[in-house]
Amino acid sequence: MNFKYSFIFLFFIQLAIRYNNAKITVDTICKGGKLIQMSNHYECKCPSGYALKTENTCEPIVKCDKLENINKVCGEYSICINQGNFGLEKAFVCMCTNGYMLSQNICKPTRCYNYECNAGKCILDSINPNNPVCSCDIGKILQNGKCTGTGETKCLLKCKAAEECKLTGKHYECVSKPQAPGTGSETPSNSSFMNGMSIISIIALLVIYVIVM
């Protein structure tokens with residue numbers, strides 16, 4: 001009886017964690033990645049060599065070929081597992097995490113299997129996670145549930161003072177503002193060299209002044 005209640009408790013804990021992770025908002029902090037915006041949703045984008053383990057956490061991608069890489073990220077929403085019989089035989093496989101399945105070589109939410117959006121991607125409805133919906137590429141908008149319309153989407157990302165929101169490919173992201181010509185600071189080595197030359201010039205002028213006087 002205790003085991004039964006423990007199992008139910010763990011099940012709801014996992015469900016709560018998953019539901020919480022699925023809510024990526026404009027205030028979400030992406031661990032190891034950066035927040036991007038499409039037309040209807042936000043998501044975390046990982047740098048090269050990293051992939052999403054959960055909706056807001058990027059981890060290094062490993063090659064699924066040895067025991068120490070078990071349960072580590074081997075692709076987007078996928079982890080390395082050992083399918084060997086009771087550990088006696090090694091059969092390392094990169095498999096989609098719970099709630100995702102392989103579709104066109106990408107781990108997508110199970111509810112999004114074979115759900116086409118045209119110029120966009122399938123995501124789960126933030127209000128009803130059982131419903132697949134389309135989030136369009138920037139420049140496209142929903143039309144009859146698909147990303148077939150043309151329209152503008154305003155960037156709502158909260159970029160830092162030294163950043164600006166920029167359309168990168170098919171999404172918005174915060175990037176560093178370009179420096180105006182001539183406003184960039186000198187490198188430390190150049191600055192030190194120039195300071196040294198200034199001091200030498202001043203000393204030389206003083207010596208010449210003393211000799212002349």
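Heads up, the Cβ atoms here are built off N, Cα and C, so glycines get one too.
Here Swiss-Prot flags 1-28 as signal peptide. Swiss-Prot lists 30-59 with the feature domain 'EGF-like 1'. The disulfide bond annotation in Swiss-Prot covers CYS64-CYS80, CYS74-CYS94, CYS96-CYS107, CYS112-CYS122, CYS117-CYS134, CYS136-CYS147, and the record cites similarity to another entry as its basis. What Swiss-Prot lists as domain 'EGF-like 4' is 151-175.
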Expressed to the nearest Å, what is the distance separating CYS80 (disulfide bond) and CYS96 (disulfide bond) at their Cα atoms? 9
Cα of CYS134 (disulfide bond) to Cα of CYS122 (disulfide bond): how many Å, rounded? 5
How would DSSP class CYS112 (disulfide bond) in three states? helix
How big is the gap, in Å, between the Cα of CYS94 (disulfide bond) and that of CYS64 (disulfide bond), rounded to a whole number? 6
Express the distance between the Cα positions of CYS136 (disulfide bond) and CYS117 (disulfide bond) as a whole number of Å. 8
Relative to the Cβ position of CYS74 (disulfide bond), how many further Cβ atoms are located within 10 Å? 21
